[in-house]
Amino acid sequence: MGSKRRRATSPSSSVSGDFDDGHHSVSTPGPSRKRRRLSNLPTVDPIAVCHELYNTIRDYKDEQGRLLCELFIRAPKRRNQPDYYEVVSQPIDLMKIQQKLKMEEYDDVNLLTADFQLLFNNAKSYYKPDSPEYKAACKLWDLYLRTRNEFVQKGEADDEDDDEDGQDNQGTVTEGSSPAYLKEILEQLLEAIVVATNPSGRLISELFQKLPSKVQYPDYYAIIKEPIDLKTIAQRIQNGSYKSIHAMAKDIDLLAKNAKTYNEPGSQVFKDANSIKKIFYMKKAEIEHHEMAKSSLRMRTPSNLAAARLTGPSHSKGSLGEERNPTSKYYRNKRAVQGGRLSAITMALQYGSESEEDAALAAARYEEGESEAESITSFMDVSNPFYQLYDTVRSCRNNQGQLIAEPFYHLPSKKKYPDYYQQIKMPISLQQIRTKLKNQEYETLDHLECDLNLMFENAKRYNVPNSAIYKRVLKLQQVMQAKKKELARRDDIEDGDSMISSATSDTGSAKRKSKKNIRKQRMKILFNVVLEAREPGSGRRLCDLFMVKPSKKDYPDYYKIILEPMDLKIIEHNIRNDKYAGEEGMIEDMKLMFRNARHYNEEGSQVYNDAHILEKLLKEKRKELGPLPDDDDMASPKLKLSRKSGISPKKSKYMTPMQQKLNEVYEAVKNYTDKRGRRLSAIFLRLPSRSELPDYYLTIKKPMDMEKIRSHMMANKYQDIDSMVEDFVMMFNNACTYNEPESLIYKDALVLHKVLLETRRDLEGDEDSHVPNVTLLIQELIHNLFVSVMSHQDDEGRCYSDSLAEIPAVDPNFPNKPPLTFDIIRKNVENNRYRRLDLFQEHMFEVLERARRMNRTDSEIYEDAVELQQFFIKIRDELCKNGEILLSPALSYTTKHLHNDVEKERKEKLPKEIEEDKLKREEEKREAEKSEDSSGAAGLSGLHRTYSQDCSFKNSMYHVGDYVYVEPAEANLQPHIVCIERLWEDSAGEKWLYGCWFYRPNETFHLATRKFLEKEVFKSDYYNKVPVSKILGKCVVMFVKEYFKLCPENFRDEDVFVCESRYSAKTKSFKKIKLWTMPISSVRFVPRDVPLPVVRVASVFANADKGDDEKNTDNSEDSRAEDNFNLEKEKEDVPVEMSNGEPGCHYFEQLHYNDMWLKVGDCVFIKSHGLVRPRVGRIEKVWVRDGAAYFYGPIFIHPEETEHEPTKMFYKKEVFLSNLEETCPMTCILGKCAVLSFKDFLSCRPTEIPENDILLCESRYNESDKQMKKFKGLKRFSLSAKVVDDEIYYFRKPIVPQKEPSPLLEKKIQLLEAKFAELEGGDDDIEEMGEEDSEVIEPPSLPQLQTPLASELDLMPYTPPQSTPKSAKGSAKKEGSKRKINMSGYILFSSEMRAVIKAQHPDYSFGELSRLVGTEWRNLETAKKAEYEERAAKVAEQQERERAAQQQQPSASPRAGTPVGALMGVVPPPTPMGMLNQQLTPVAGMMGGYPPGLPPLQGPVDGLVSMGSMQPLHPGGPPPHHLPPGVPGLPGIPPPGVMNQGVAPMVGTPAPGGSPYGQQVGVLGPPGQQAPPPYPGPHPAGPPVIQQPTTPMFVAPPPKTQRLLHSEAYLKYIEGLSAESNSISKWDQTLAARRRDVHLSKEQESRLPSHWLKSKGAHTTMADALWRLRDLMLRDTLNIRQAYNLENV
C-alpha cells in the first residue's frame, strides 16, 4: 500500500491545484509499509492558512447554490436594527476580518479562529434557532473547524521517520544506477520548471532564477533564513550534490516556501511558487508513470529495476520514425540533443548573468506570434530550421508593430483580382507553404526558400515598384536571406542556445541589443542612481523614505493632499513589466514622486532636501548619458530568433502598444459597474435586430454596438485611440437620440461616455507630441461634471435630479430673466456652448438656488437641491484638483460658503414656515370640528361603536395594520389602497374601518418628466372611514428600504406595493419619508432569493407629452443652427480712478469695445503696415476721450524685426519685448492674443484664447545695442473684483516647445545666390543637365575594370561621357568656386577694411565684424564707392583672362587634375599569390584612359593617381598591348616570364626602374616597360607615350611577411605527443569549437586558405564560408561512419 494521501504543503493548493506527495510510493516497489512521511514537507505558512480558511468560508454554498457568507458580510446598521447592539457587545463581520487579513494582523491561526468564533456566536445569540442566519452560522462554524483541522494536522511528522525515509530513497536511487543517469533526470525536472509559462506566455520561473538583490531587498535576507534559487539548484545538479530526486524535491519545496513567506498571499509570486511546486511534482509523476509503463513491457533486468526506482525517462522513442521520415536528419540523436539542451539550461542557470541588477529587472520577452503560428507548434518543433525560417518571415513586424507579411497570408480573391491569375502562373501564399510544412513536403531549406522567393517574386511582378506591398517584399526578402544565412551557419543537430545562456552570455550581446533593450538599460541606470545615492557623511540611503508610500493609518492626511501617490516600488515594477513606453515616462513618475514629497513636507525638512538632491542627481546622470541614440546609430536590427525564449517553444499572443491601449479603452467601458454592481454596458453589447425594433433603424442612420467595435478592434481597423472613441461616441449618441432623456439607457450612455473620456485622457496623458486642445478639455470637464451631478443617486438608487424636474423655468420673483432649467443646460453642454467653468457653475447654481427659494426647507426638493450643490462643489474640486488642473474664479465658492448661505436662508425661512404650519393646524382643527358636528347631527349611531383589533368578512380576517383594496368611487377606476388604523361595529351591526389612503402616481398631480418606482404608491394626507363591506381584497404596502430585500408570504407580486414618499394634496408636492410610522402588520416577511433591481419608470403622462415633443421637432431643427454660438459671461465696464490721469480722459480696468471685452493686462494684435506679421501690444492703460478709446502699453516684435545672426534659432511663435511703448487707438486692434512666459508656455494656457494666438516671450530686445536678454517677467496688475479673470488650464505634463530657424536665413541664402548668379550662369546649365542624367543612370563609383580582347578593341567606338559622378562634380564645383569669385566693390572694400576693424576690436566675433563692415560701406561716400567698383571691375577682367587661359591649356598639354591626366585605380579581388600590380595601357574607345561608359574625374580623388603630361590617344591609332591570359586553373596569375615586364613581382619588392613600390593597378609604368603580345609576331607600334613618374597620393603599407620554420613545427609536434593520449591532435577541442567563440584578426584572416573556394558565396566573409565547409566535412565524416558501421576505425 502506498503512503497515505494528504494535502499539499501549501494550503493554497486547494485553489491552485498543488499535487500531493503520494507519488513517493511509486518509487518504493518493495513490500508495503505504513510509514508517515509528513515530515518531508516544509512547515505550513500560518498566513497562507488564514487566507485559505477565509476563502473556504467565503466560497461555501448551500444546496440551492446560495453563498451562506452573504448573511455575515456586514453587521446590521445601528439605525436599522438598534436591538442588535443591545445583545451583541463586540460586533464583527467578514469585512473586518478581510481587512485584518490584508493588513496582516493575523500572525497565528488561533487569532483568526477567535474572530470567526466571535462572528458566529454573535449570530447565534441574536437570531432565533430556526432563522436562516442561525443555521448558516452553525454550518459555517463546522466547516471552519473541519478545514482548520485538515491544515493544522500537517505538523504531526516524525523526524526519525523522515531520516529513515530519506535513507531509503537514496538507497533505491543510487543502487544500480549511474550518476549521469540521475543527473539527466534532475535536468529534466529542472527544465520543466524553467520553461513553464502561464497562458499569456510569461515565464513562471523568471523571478526564481536568481536571489533578490541585497541592495534593493535587504529585508528579504532578514526574513528568509535559508535563501535558495534555481541557479543554486542548477549548480548542485552539475556538481552531483543530489543523490536522489527526493533531495532535489526538498530544495524545490524550500524555494516555494521562501517565496510564500516573503510575499503576500494572492500576489503573483505567491501563485508562481505554488505553480512551480505543482509543475515539479507533475513532471516527477509523469516520469514515474512513463518508466513503470515501459518496464512492464520489457524483461525485468536489474538495470531496468534500478531505472524504475530512479524514475528515469525513456530516450528510445523516435528511432523508427527517423528511418521512415525523410526529414529525420533534423531530429536524429534526439537523446544527445536533449541532453545538450538540458545541460545548457543547467549551465546557464549555474553561471547566470554578471549583473544582478539586470537579472532583477529583466522581463521575459517573447516573439510576436499569431494564432496560426501557434498552431504550427502542434505538429512541428520550434527548433526545426524549417519552422524558424517560415516563422521569421511570417512574424516580421515593422516599427509600428504591424505584421509585414499580412498581405501574403492568403492568395488574392479571384473575383476581385482576375488579372492576377493571368499574369502569375504559379501563385502561392504563406497558407500553402504552411500546409506543405505540415505535410513535411520540404526536404531541404533551399526548397522552402524557393517557395518563399516564388511568393515574393510574384508580388514584385504584379505590383508597382513604388507600392507599399513591393516595399514589404523587399524587406521580407532581406529578412529571409539573413535568417537563411544564420541557419546555414548553425549545426543542424544543434538545438540552439537556451534562453538563459543566450540572454546572459556576453559574447555578441552588444550586437543583439535592440533599441528597446537600450532604452530599458538606460532606465535601469537612472533608477539605480536614485536607489544607490547616499548621504556623504553618514552613508544614509537617501531613497529609504521613497521606497514605499506612507501608511494610510499613520498619515491619513497624506492621501487627501497628494492625489497621485508614487513610490520607487511602483517605478521598479513598471520598469520590470515594460509599462513605460519610453524614458520620459519613468522620469515623469520620478518627478511626480519628488514633487509630492516637496508638496507634503515642509521646506527644509529631511525629506524635502532628499527629494531635491535625488532629483538633481537624476538630472545630472541623464545629462551624462546623453540623448537616446537613433536607429541609424545602432547595429542593424537582428531577426528575433527566440533568443530569450530558446527553451520555451510556445509563443505568446503579442499586442502592440496601440492594441493594448485600444483593448484597455474597450475593457474599461465594458466592465464598468455602478455601486450596486450592475454592468452598464450590457444593453450596448448587441443591437436588437430590425425585426425586433424596426423604428430604431428608421431613426438611427449609423447603428453601432460594442460587438461591432470589438470586431473592428480585432481586425486592426483602428489606427489610433481617437478612431475607436469616435465609434463609441456614435454609439452613445445613438442611444441618447433614440431614448428619452430621463430613461435608464440614456443615463447609462452618459455615464459610459464619461468613463470613455476618462480612460482616453488617462491613456493619452503619456503623450507629449502635441499641445492638448484646451477648449475640448474644458468642454469635456464640464460634460463630466454635468453627468456626475445629474447621475448622483441616494442609497436607494433615486436620482436627486428627478425631483428638481418640477422646478419652473422662470422665477416668479424675477420674471424678466431668461428661462433656465437643467434641460436647457444639458443642451448647452451637448452643443459645447460653455467655454468657462464659472459660467456653467452660475447656471447650475441658479437652477438649484431657485429650487431652494421656491420650496420649504423641509421639502424633498430643497434637500435634494442642497445635496446636488454640495456634490457639484465636490466633483468640481476633484476634476480641477483644487486649481492644479483648472484655475477658475468658480473655485472661490466653496462648501463653506454654501453652508453659510443655506444656514442664512433657513434662518429666514423657518419663522415663516412655523407660522404656516401653525395656521395649517388651526385650519385642520376647525375642519375636523365641523366634520364632527355634522356627523353628530346626522344621528346617534356613532355614539355606540364597538372597537376591535380584527374582524371577519367573506371568510377573511382583517387586522389593524392590514392594507386592503377598497371599492372605487367610479367603476372605471382602480381600487383604492387603504391602511386600516381602526375597526369598529356600530349599533346597527355594520362594520366600519378607518385609515390612511395611498395614492397611485396617476392619482397625484406631478410633471410628466417625473419618474416613479415600479409599483410605487404615496402615503396621502387623506383619512376617511369606509364600510367593511366595500373591501375587495388584501394587499401589502412596504417601505422602500425593505421592499427590495424582503417579500410578504402568501401574496402575489401584483398585490405588493412600495412607498417612498408622502403626497400633500393641498400643496401638490412630494416629500420623502424618513421614518415609517404605519401600524404594525400581521403579515410575515421573508428575504427575497434575489434582491430586486431598482428600476424607475416614466409617468403615464409622459406618452401624452411625447406627441407634443414630436410636433416641436421641426422647430428644434430650425433652431439648431442657432445653437452653435458660445455663451459669454456677463461683464460690465469697470471704471477706475487715476491719480495722474489726463483731464478729459475716463480710465477703465475693463472695457467693451467693438464686440470685444478688454481688460488691463490683455495682449492684442495691432495693425502693422509693411510687416509680414502684425505686432503685438499689451494693454497697461485704457481710457476713453471724446468718444474714442485708446490704450497704452509695450510693443512685442517678431524675430524678423530684430537684427541677429542668420544661424540663430527661435521658438515657434516667439516674440520679443521691445523698448517701444506706444499709445494706440482701439481701432487698430485686430484681435486678442496671449503672451506667456517660458514657464507658463510649457505648463498652462488661458482657456478662451485659441492655440494659434498663444505667443511665447522670454527675452527683451534692446534696439540700441541689438542684444536679446532674458527678463524676469511682465508686469502684473491687481484689478478689482468686478473684472472677470481669465481661466487657466494647467497641463498634466509640460509640453516641449520646438525651435525653428531664423526667418533671415532664407533671405540670406537668396542674397548669396543672387551674388553668384552671374558667375555660375554659364556652367549651371551644363551641370544641371549632367545632374539630371546622373539621376537616371548613375554609374558605379568603382567599377570592375577588365582588360578587353583584341577583337573587342577594334570594334569599340569612341563615346564621349554624358554624365559626371556626383563626387567628381562636387569636387570640381568646389574647386571652381574657389577660383571663380564675382569681384565687387563691396568685396574689395571688405577685404581691406576688415583687417583695420579687427585690429580696433579684437574681441568681436565674425558676425559683429561683418555688421560693422557693412555699416562702414553704407556710410561711405558715393565717389569712394564708385572708385572701389572701378577697381573691382579691373580685378574681375584679369581673373577672366586667367580663367580663359586655363581652359585652353589642356588641349596642348594635359596636367594633373584634368580628365586626360587622371586614371581610375580599380582594385581587383585578392589573388592567392597576393596583390598583383597590373599595367593598363590606354586603348581606343577610352576617354583620357577610361573605358567607354566610365566618366572622367575632375581633380585628385582617393584611389586615383595624377599623372604627368600625356599625349591624348586618337581613335585611329593601333591597338595597344593587353595583359596575357592567366595560367589555367589559377585565375589572376600570369605565366612565368611575364612577372618582370608589365607586372611587379610581389607586393613590397622593388619594381624595375628603381621605384621602391610596385605600380598600382591601372597606373602606367615607366617608359619602355610595356607588356609583350600574347603570341609572337609583328604588330604595328603605336606612338610613344611620354610619361612622368609621380609619387602616388596613397600607398598601402605592404603586408607583413609570414614565415613558417620547419624546426618550429617539428618541435610543436614532438611536444604534443603524450603516452596518455590516444590521438596526436586535440580533436575533441577542435570538434567543440564554434564560430562565435573564435575571433580572427585581419592578419589571421589574410592567411586563411581562401583559394580552396571559388568565392564566399552567400556568406558574409570568407571565414564564414570556411567554417561552413568544415561543418559539412564533419557531417559527411559522421554519415560515412554510421553508414558503414565503422565503429572500430
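Note that the numbers count up from 1, one per residue, in the order the chain is shown.
Using the three backbone atoms N, Cα and C, a Cβ is placed for every residue, glycine included.
For 499-508, the entry in Swiss-Prot reads compositional bias 'Polar residues'.
The compositional bias 'Basic and acidic residues' feature in Swiss-Prot is assigned to 902-933 (among others). With helix defined as DSSP H, G or I and strand as E or B, the compositional bias 'Basic and acidic residues' (902-933) counts 32 helix, 0 strand, 0 coil.
Look at Swiss-Prot and you will find 1431-1444 (among others) tagged as compositional bias 'Basic and acidic residues'. In terms of DSSP secondary structure, the compositional bias 'Basic and acidic residues' (1431-1444) contains 14 helix, 0 strand, 0 coil.
Using a 10 Å radius centred on the Cβ of Lys96 (SUMO2 cross-link) and all shown protein chains, the other Cβ atoms total 14. Residues or ranges marked as SUMO2 cross-link in Swiss-Prot: Lys96 (among others).
Per Swiss-Prot, the feature SUMO2 cross-link maps to Lys154 (among others); the stated evidence is a large-scale study or a structure entry.
Marked as SUMO2 cross-link by Swiss-Prot: Lys210 (among others). Following the DSSP three-state reduction, the secondary structure of Lys210 (SUMO2 cross-link) is coil.
Look at Lys425 (SUMO2 cross-link): DSSP puts it in coil. Per Swiss-Prot, the feature SUMO2 cross-link maps to Lys425 (among others).
The annotation SUMO2 cross-link is assigned in Swiss-Prot to Lys511 (among others).
Annotation comment: Swiss-Prot describes Lys591 (among others) as SUMO2 cross-link, evidence class a large-scale study or a structure entry. Annotation note: Lys591 (SUMO2 cross-link) sits in a helical segment as assigned by DSSP.
According to Swiss-Prot, the SUMO2 cross-link annotation covers Lys1111 (among others), on the basis of a large-scale study or a structure entry.
The feature SUMO2 cross-link is assigned by Swiss-Prot to Lys1167 (among others), with a large-scale study or a structure entry given as support. Sequence-distant neighbours of Lys1167 (SUMO2 cross-link) (same chain, 6+ apart, CB under 8 A from its CB) are Pro1174, Cys1228, Leu1230. Lys1167 (SUMO2 cross-link) falls outside any helix or strand according to DSSP and counts as coil.
The feature SUMO2 cross-link is assigned by Swiss-Prot to Lys1293 (among others), with a large-scale study or a structure entry given as support. Under DSSP, Lys1293 (SUMO2 cross-link) is assigned to coil, being neither helix nor strand in the three-state scheme. Neighbour density for Lys1293 (SUMO2 cross-link): within 10 A of its CB lie 17 other CB atoms from the protein chains shown.
Swiss-Prot lists Lys1308 (among others) with the feature SUMO2 cross-link.
Reduced to three states, the DSSP call for Lys1398 (SUMO2 cross-link) is helix. Taking the Cβ of Lys1398 (SUMO2 cross-link) as centre and 10 Å as the limit, one finds 14 other Cβ atoms among all the protein chains shown. Residues or ranges marked as SUMO2 cross-link by Swiss-Prot on the basis of a large-scale study or a structure entry: Lys1398 (among others).
Remark: Lys1642 (SUMO2 cross-link) has no non-local neighbours by Cβ distance under 8 Å and separation of at least 6 in sequence. If you look up Swiss-Prot, you'll see Lys1642 (among others) marked as SUMO2 cross-link.
Residues or ranges marked as domain 'Bromo 3' by Swiss-Prot: 381-487.
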- [ ] Name the one residue among Ser689, Ser987, Tyr1289 whose Cα is closest in three-dimensional space to that of Lys210 (SUMO2 cross-link); these are the modified residues.
- [x] Tyr1289
Task: Alpha-carbon distance [Ser987 (phosphoserine); Lys1293 (SUMO2 cross-link)] in Å - done: 87
- [ ] Taking Cα atoms as reference points, rank the recorded positions Lys96, Lys591, Ser689, Ser987, Tyr1289 by distance from Lys1398 (SUMO2 cross-link) and give the first.
- [x] Lys591
Task: Within-chain partners of the compositional bias 'Basic and acidic residues' (902-933) [C-beta distance under 8 Å, separation at least 6 from its ends] - done: 852-853, 856-858, 866
Task: Spatial neighbours of Lys591 (SUMO2 cross-link) that are distant in sequence (at least 6 apart) but have CB under 8 A - done: Glu615
- [ ] Name, in the order they occur in the sequence, the residues of the same chain whose CB lies under 8 A from the CB of Ser689 (phosphoserine) and which sit 6 or more residues away.
- [x] none
TODO: Would you identify the secondary structure of Ser987 (phosphoserine) according to DSSP, in three states?
DONE: coil
- [ ] Check the domain 'Bromo 3' (381-487) for me and report the mean pLDDT.
- [x] 86
Task: Sparsest-packed of the listed modified residues (Ser987, Ser1405) - C-beta count within 10 angstroms - done: Ser1405
Task: Spatial neighbour of Lys96 (SUMO2 cross-link) that is closest, considering only the recorded positions Lys425, Ser987, Tyr1289, Ser1405 and their CA atoms - done: Tyr1289
Task: Position of peak Cβ density within 10 Å, selected from the recorded sites Lys210, Lys425 - done: Lys210
TODO: Give the sequence-ordered list of residues that share a chain with Tyr1289 (phosphotyrosine), lie 6 or more positions from it, and have CB atoms under 8 Å from its CB.
DONE: Val774, Leu777, Ile778, Ile885, Leu886, Leu887, Cys1244, Arg1245, Pro1246, Thr1247
TODO: List the Cα distance (Å, whole number) between Ser987 (phosphoserine) and Lys425 (SUMO2 cross-link).
DONE: 112
Open item on the list: If I take the alpha carbons of Ser1405 (phosphoserine) and Lys425 (SUMO2 cross-link), what is the distance between them in whole Å?
Closed with: 71
Task: Tally of DSSP helical, extended and coil residues in the domain 'BAH 2' (1156-1272) - done: 15 helix, 63 strand, 39 coil
- [ ] According to DSSP, folded down to helix, strand and coil, what is Ser689 (phosphoserine)?
- [x] coil
